Amino acid sequence: LAKHPEIKALMKPDYNLIWVVVLMVLAQLTAFYLVKDLDWKWVVFWAYVFGSCISHSMTLAIHEISHNSAFGNSKAMWNRWFGIFANLPLGLPYSISFKRYHMDHHRYLGGDGIDVDIPTNFEGWFFCTRFRKFIWIVLQPFFYAIRPLCINPKPITRLEIINLLAQLAFDVVIYYLWGVKSIFYMLAGSVLGLGLHPISGHFIAEHYMFLKGHETYSYYGPLNLLTFNVGYHNEHHDFPNIPGKSLPLVKKIAAEYYDNLPQYNSWIKVLYDFVMDDTISPYSRMKRQLKGEVKQD
């Protein structure tokens, strides 16, 4: 910032995010209706080909909303309510809890017992062969769901209860209107999209140390168009209050800080290399022993 104070001008809400999220919710509602009478094989097909992409993209919209990118820091609660709305087509309550744990990830990156993005010791010990690492990728949604309960459980908040009740009510309405195939499409799309899927390469690309000494990596490939530029990950951790839409401008303005860092152009290759490289496993993360006072959401 001392060298490029113009970056401060990018620290403002991205109001276009609101309309993009609304359109994504409407797209999924349309899909719920269209799949209700299809054969099961086509329900599964569209859940993976279309629903998974929208669902994973929506989790990254929720990531943007968790940083107050939709309405700005001055309207934090508006962002929380909007996150609950964005959560609806995923089928499972996620938004409020994600925000609480994700802020810890930014404050205490790699913090042992705090940053739940770090795999557990069991994951590192068990998923150590090529086949087991492949299974670990398939089961990533499961591990991301239970890991906080194992590493850093937090008391349930009022907003989390509201998130849960709103989600249950939405799921019941969808089942009542359009039946079990629509519910299956919704849940399968979320699970498949966060598991063995090209977009899921970002989970590994962001912080797994393929090169020792480099714990955060950016990705500059085309899937950023579907993921609110989450691939610009060094830029995001440097400036978490800048919306994803503006992160390419950060890289352009401060090119001398980013252009020479290790980077990716393919998340599919990241997944392949993770499975096939015997020196890489869920243990390949920087872990820190935190000192001093720790403040969590």
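Here the Cβ of each residue, glycine as well, is placed from N, Cα and C on the backbone.
All TrEMBL annotations are machine predictions without curation.
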Next item on the list: Could you check which of 81-98, 261-278 is flagged in TrEMBL as transmembrane segment?
Entry: 81-98
Item checked: Positions whose Cβ lies under 8 angstroms from the transmembrane segment (161-178), at least six residues beyond its ends -> 32-33, 36, 84, 87-88, 91-97, 186
